[in-house]
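Asker: Pulled from Swiss-Prot, these are the listed features:
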type	residues	note
TRANSMEM	28-48	transmembrane segment
TRANSMEM	74-94	transmembrane segment
TRANSMEM	100-120	transmembrane segment
TRANSMEM	137-157	transmembrane segment
TRANSMEM	193-213	transmembrane segment
TRANSMEM	225-245	transmembrane segment
TRANSMEM	262-282	transmembrane segment
TRANSMEM	289-309	transmembrane segment
TRANSMEM	314-334	transmembrane segment
TRANSMEM	369-389	transmembrane segment
Amino acid sequence: MLMSLAQWLQTLSPEFGFLRVFQYLTFRALMAALTALVVGLVAGPYVIRRLAALKIGQPVRGYGMETHLTKSGTPTMGGVLVLFAIAFATLMWFDPSNRFVWIVLWVTLGFGAIGWVDDWRKVVRKDPEGMRSREKYFWQSVVGLIAGFYLLFSISESSNWRVLQLFFAWVQSGFDLDFPPKINLLVPFFKEVSYPLGGIGFVILTYLVIVGASNAVNLTDGLDGLAIMPVVMVGSALGVFAYVTGSAVYSKYLLFPNIPGSGELLVFCSAMAGAGLAFLWFNTHPAQVFMGDVGALALGGALGTIAVIVRQEIVFFIMGGIFVVEAISVMAQVMYFKYTKKRYGEGRRVLKMAPLHHHFEKSGWRETQVVVRFWIITMLLCLIGLSTLKLR
């Protein structure tokens, strides 16, 4: 918004020449981070008071951690604060003609809406299950598949008109069209090594990354500050990849595919980092507010979408290792319990409690120890991921 205003003012008079600073992506990214941070810090107390007044408090299940019983009633659905700060800062500082930012906003707000309905049913309607699994996965699939099909064509072409032409050409070919190498799955640490996915393969991978990341972040969001800081770290690292792939010079030098327009995602990533830090101010132990599904599902979906656009799905898998392990721990626990119950007549567990962070709590770790150690691991994983920029 401000970029368009600055460009318009420059056409009116040379006196507005100083507004050329708005053309610099790095400046707008820094301002987006600062804007989201300030908006989050200023609006945070009001949002928390409103949530408390509406009695939107976090229910704690009886079979959960005993040490978490004191958290019962803490305001939840604080993810609306994060999403508002991200959306406000992004819309203020990004180039409105950029299609990649719009699709990331679509996924973010789409998953946020799904999470909002889930939280509302749990907290307000007192339905412990919230949205049923099939219903939730259906709507997640709708958002994920729409994003997958759109990105298939928008990554391949640089203009919306060419995107539309490519879509019709794909349909006319019987869904058997050769796409540019840009949509291939890149393998980190190796020069110019990639695996062709094809159109359908790309859509399936995109769907799995977006929906998987959304649910993985949601599963991680179980302790004060546990999920939000890894989101900030991974999002910031993905912003670096977005800047590289969006630059014809840097992408050529570092042997990355050049995806025109993807650099603008740095503005969104910066806004997400600023909003995340603002939320952490209120979410750090002891938390004044919880993110809820409205925030966790949305942020996970956003990270997955950005990873797909910048063609760094495997690197995202590495940097978001905490999210991956948390999700695997839940799946392994459920599958092993069902298997042993069927075979031995009684369900057995791999972990003391799932997700993994609760296992460590049951093992004697304090909540703050689990959180900070998971942060440190995420920081190391992000550094490994960033090293793939040069170590190839």
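Glycine is no exception: its Cβ is also placed from the backbone N, Cα and C atoms.
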Asker: So what's near the transmembrane segment (369-389) in sequence-distant terms, Cβ-Cβ under 8 Å and 6+ beyond its ends?
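Answerer: That would be 188-189, 223-226, 229-230, 233-234, 236-237, 240-241, 244, 254, 285, 312, 315-316, 318-322, 357, 360-361.
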Asker: Of the listed stretches (74-94, 262-282, 289-309, 314-334), which one yields the highest count of Cβ-Cβ distances below 8 Å with the transmembrane segment (193-213)?
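Answerer: Counting Cβ pairs under 8 Å, the winner is 289-309.
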Asker: For the transmembrane segment (289-309), could you work out the same-chain residues 6 or more beyond its ends whose Cβ comes under 8 Å from its Cβ atoms?
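Answerer: The answer is 44, 47-48, 51, 58, 71, 74-83, 100, 103-104, 107-112, 114-116, 118-119, 130, 140, 143-144, 147-148, 151, 155, 205-206, 209-218, 220-221, 227-228, 231, 234-235, 238, 242, 259, 262, 265, 268-269, 272, 276, 279, 282-283, 315-316, 320, 323.
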Asker: Within the same chain, where does the transmembrane segment (314-334) have neighbours whose Cβ lies under 8 angstroms from its own Cβ atoms, ignoring anything closer than 6 residues to its ends? I mean 6 or more beyond.
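Answerer: Residues packing against the transmembrane segment (314-334) from afar: 185-188, 209, 212-213, 215-217, 219-220, 230, 233-234, 237-238, 241, 300, 303-304, 307, 349-351, 354-357, 359, 374, 377-378, 381-382, 384-385, 388.
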